[in-house]
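Input: a single structure, listed below in C-alpha cells.
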Amino acid sequence: MTVQAKVIHGESTHGPPPRRYRLVGVICAATAILLAMANLIDVYGDSLRWALTAVPAVASGAAIAWSGTWPAWRLWRQLASLAAVQFVLGPLIAVDRAAVSQPPPIWRTLVQGWEATFGAFKHLIAVEPPIGTAHGSLMAIWTIGVWFALLAGVFAVCEHAWLTVMSVLPIGAAMALCAWLGTDSGWHRAGVGVLVGSVLIVWLSWRWGSFAWKRWRTVAAMLAVAVAVAGFASFTLPQHRRVLRNIYDPPFVPVAYASPLSGFRSYIKDHRDETLLTVEGLPEGTPVRLAVMDHFDGTVWNLAGTGQSVDSAPSSGSSQYRRVGARIHNETQGESFTATFTVASGLTDIWLPLAGAATSVDFADDEDARAFFYNTDTDSGILSHATTEGMAYTETGVIAAVPNNDAIDQATAAHTDQPQALDIPEVASEFASVVAGGRASDGEAARAMATLLRTSGWFSHGLEGDYPSLAGHGNYRITSLLSGDAMVGDDEQYASAMALMARTLGLSSRVALGFRSNSDSAPSNPSVPRNASDSSDSSSSVVSFTGGDITAWTEINLSGLGWVAFHPTPDETKTPNDDQSLTPPDPQTLVRQPPVPLTDPLRETPRIQPHSAITGTDAERNENNPFRARFVRLVTGIALYGAPLWIAVILIGGILALNAVRRMLSRIRGTPRQRILAGWNTLCDLAESGGIPLSGSRRQQASDITNRMLLDDHTALTVRSLGYAADFAAFSGQAIHTKQARRYWRHVNRLRTAMLRALPRTRRWRARLALRGTRSRRRSSVHDSLRIRAGPRHPWGCRGPATSVSGASLTERRPDRRRGRPDRRRR
C-alpha cells in the first residue's frame, strides 16, 4: 500500500502524522475561521479594530489546540489556558478603553469584559450598524474566534486523516453564526466564501494525499460546472439575506408612555422662565426636536405602537426606536454641525432633545450611551432611564435645507404607511375641503391650510391672565377650535388641527414637539419656525431654551422634499381681548357649527397611566427604595458576572464533553484488539477516579473493583468476564473481529453506569470530572512492531503485558510481587 493510500485510510507509515501535517492543519483551520469572521467587519465599521481583536483571538484558540500535540502539555493546562484567554486576555484586548474619556482600572475592564461575553451578542443584533467598538462589543468576535478556532484546531491535529474532515463543522458553524449576526449585505460575502472553500479543498486534499497539480484540467471542468450550478441556483433563492438584526425586536415600547403633546401646557405653566436646555454650537434658528407622533386615537396624538395596524416595514413608524452604534446611517443632505447639549434640572423625561438628522451622538456617561435609542424615520431620540440634571452629550448631524414656497407649491404628496387616524372631527374634513379646494398641488394645499390657520387664529395658552383657552388636542378640543366663534389656542391645538386636516385630504402628516430659537423676527413663510430668524452661519454661540420656548408643529411628507415642517400657530403677540372682534376677516370661507349643548363641559378622556387606579381615586406611585434597588443590582451583578460561577460551569461542561469525546474515540479508533483493551482501561480509570487503587493483573483489578465497590453478583460477574475477555484479546494471539469489540464496549458502557450508581454522590461527580485517562496513550507504530515492547501504559503508571503489533503469540509476565509494583521488562 502506498503512502498516499495509507494516509487516505487513516493509517500512518511512522506512527502519528508528522508535525508539519498538524501545523499546516491548524494554520488552515485558523485562516478559514478568520475569513468566516470577516462577515462582521461592516457591523463594527472599523476594520483595524476588528483585525486587532479577531487575529489574536483566532491565534489564541489555534495555539491552545496545537498545544494538545505536545506530550508534556497536560489537559488541565489546556483548560487553564482557555479560561485565561477568554476571561483575562480577551477583556484586555477586546474592551476598548480608549473609547471613554477616563479609562477604567484593569479590574473594571475585566468585569466589563465578563459581562460582555454574552451581552455583546445581543448588542450586535440590537444596535444598527456600524456599532463601533464601545461597550465591550468586540467580546463577541473574541469569543467566536477563540472557541471556533479551538474546535476546528482540535480536529485539524487528529492523527487520522478522516477526522480532519470534522473541522469543517466548526468552520461552517462560524460562517453561519457570523452571517446571522452580520448585515443583510455582508462584507464581500462572495469572495470570502470562495476563499474559505478554496482553503478547505486544497488543505484536505493535501492531507488525504490526493492533491495533484497535473489534474488541473479536471479541476477546471469541475469548477466550471459548480459555478454554473451555483449561479443558476442563486436565482431561485431570495436575494435578501436573512439576519437576526431584522428579526430581533428591541424590548423598548415607547407607546406605553403618555403622549408627549399632552404635557405641552406644563412646560409653559411650570417652567416658563426656567432654563431647561443649553446648546453650544447649534446654528442659529435651528429648532430642537423632542418627539414625533403619527397616531391619533381620537383623544391624543401618540407614537404608533407595535399593535397598531401599520402595513409598513419593521423599520418604519414613530415608535421604532433602536440602539445605534458609533455612527448613525443617515442619507439627509444639508449643512453639517456639531453641538453640545447640557440638560438642566427641569427637563427630566425620556425624550432626548436633538437637532436635525443625527449622524452620531456621544455621551459623557457610558450608562447614558447604553440607554440611548434612536429613530431614523423621525430623527428623534429616547433615553430609557430619562434625562437628568447636568447630563451632557454631543450630537453631530446634518440640517436639511428648508424648501421655499415655490418648491412646496409644485410638490405632490408622498405616500407613507401610517396608522389610521381615529375619530377625526367632521369639521376638520369640511374645513380642509374649503381651504384646499381648487389648489393645483398637494404642497400648495398644505401651505394654504397653514397660512389660513396662522392668519385667522388667535394665540392664547389659557393660563392665568390669558384669554380663555382649553388645553388638549383631541376630537372635542379641535371641534371647538374650528367651529366656534373664534379660533383661540396655542401650538398644541393648531398643530393637531392641521395634521388632522391633512389626513382628511389623504396627506401623510404627523405632529412634532420641540424647542424653538428665541428671536423677535417672524417670517411669513409657514414652513419655517414662526420665531426663527434668517439663516446665519453663526454656530459658536450658546443658546438657552426655557419652558416658554416649547413649540409644536406639523410635518407633511412631500415628494422630493421629504418631511416638510409647517407652523400653523399664530404669533404669540396676536392675543385676543374683549375690545377686539375675534371674527375672521372672511367668515364665509370657514365652516362654523354651534357647540354641542352639554350641561357640563365635555372633557377629553384622560390617558390611564400604568400606576393609576381606575376606581375613582388616584393611586400613589410605588416608588422603590433607590438604595435597595442599587444594592440588589450590585449583588445580582456580582453573583452573575463577578463570581466564578460561569468559569466553573464552563470548565465542568468542558471536562464532561472532553471525557465523552475521548471515550468515543477509544471506542472507534484502532484495531479491535486495541479497542477492547481501551474499554478495560476505561473501567480501571473510573475505578481509580472513584478512590479505588488498582494494581496487578486484570484478574486482580477485577477482584478489587467488585470487592471495594460492593457490586451485586450479576455486576461482579460482568466485571470478571470483561477482565477475562481483555486478557484473551491481549494474549491469545487469535484474530479479534470488529463485532466482538462493539459487543465488548456495550457491556463496558452498561457496567460503567452501574459503577457510577454504586459510588456515593461526591465520589461519583469526582469520577465523572476526573481527567484520568482522557489523554491518548502512546500507540505502537509500524517501526515499533519490529520488536516486542511493553503493552500500553495504564493511567496509574503500570505497564500491561507485553504485546506485539504484528499479532504474534505473546507471553504473559507475572507482576513483580517483591516491590508491589507492576512487572518490568527484563534486560
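Note that the numbers count up from 1, one per residue, in the order the chain is shown.
Cβ atoms here come from the backbone N, Cα and C positions, even for glycine.
Feature annotation from TrEMBL assigns transmembrane segment to 21-41 (among others). Only residues 6 or more beyond the boundaries of the transmembrane segment (21-41), in the same chain, are considered here, and those with a CB under 8 A from a CB of the stretch are 47, 50, 54-55, 58-59, 61-62, 65-66, 69, 124, 140-141, 144-145, 148-149, 152-153, 155-157, 164, 167, 170-171, 174-175, 178-179, 181-182, 186-189, 192, 195-196, 199-200, 203, 206-207.
For the transmembrane segment (47-67), same-chain residues at least 6 beyond its ends with a Cβ under 8 Å from one of its own Cβ atoms are 22-23, 26-27, 29-30, 33-34, 37, 40-41, 73, 77-78, 81-82, 85, 89-90, 93-94, 96, 133, 138, 141-150, 152-154, 156-157. Sequence annotations record features per position, and here TrEMBL assigns transmembrane segment to 47-67 (among others).
For 79-100 (among others), the entry in TrEMBL reads transmembrane segment.
Taken from TrEMBL, the feature transmembrane segment covers 139-157 (among others).
Here the transmembrane segment (162-182) has long-range neighbours at 10, 25, 29, 32-33, 36-40, 42-43, 121, 124-125, 140, 144, 148, 151-153, 155-156, 189, 193, 196, 200, 204, 207, 241, 243-245, meaning same-chain residues at least 6 beyond its ends whose C-beta is under 8 angstroms from one of its own. As annotated by TrEMBL, transmembrane segment applies to 162-182 (among others).
The annotation transmembrane segment is assigned in TrEMBL to 188-206 (among others). Below 8 angstroms of C-beta separation, residues 24-25, 28, 31-32, 35-36, 38-39, 164-165, 168, 171, 175, 179, 241 of the same chain, each at least six residues beyond the ends of the transmembrane segment (188-206), sit close to that stretch.
Residues or ranges marked as transmembrane segment by TrEMBL: 218-237 (among others).
Look at TrEMBL and you will find 433-568 tagged as domain 'Transglutaminase-like'. Restricting the average to the domain 'Transglutaminase-like' (433-568) gives a pLDDT of 84.
Feature annotation from TrEMBL assigns region 'Disordered' to 516-541 (among others).
For 516-532, the entry in TrEMBL reads compositional bias 'Polar residues'.
Annotation source TrEMBL lists region 'Disordered' at 567-608 (among others).
The transmembrane segment annotation in TrEMBL covers 638-661 (among others).
If you look up TrEMBL, you'll see 780-827 (among others) marked as region 'Disordered'.
Annotated compositional bias 'Basic residues' per TrEMBL: 816-827, in sequence order.
Residue counts for the domain 'Transglutaminase-like' (433-568) under DSSP, helix first, then strand, then coil, are 45 helix, 30 strand, 61 coil.
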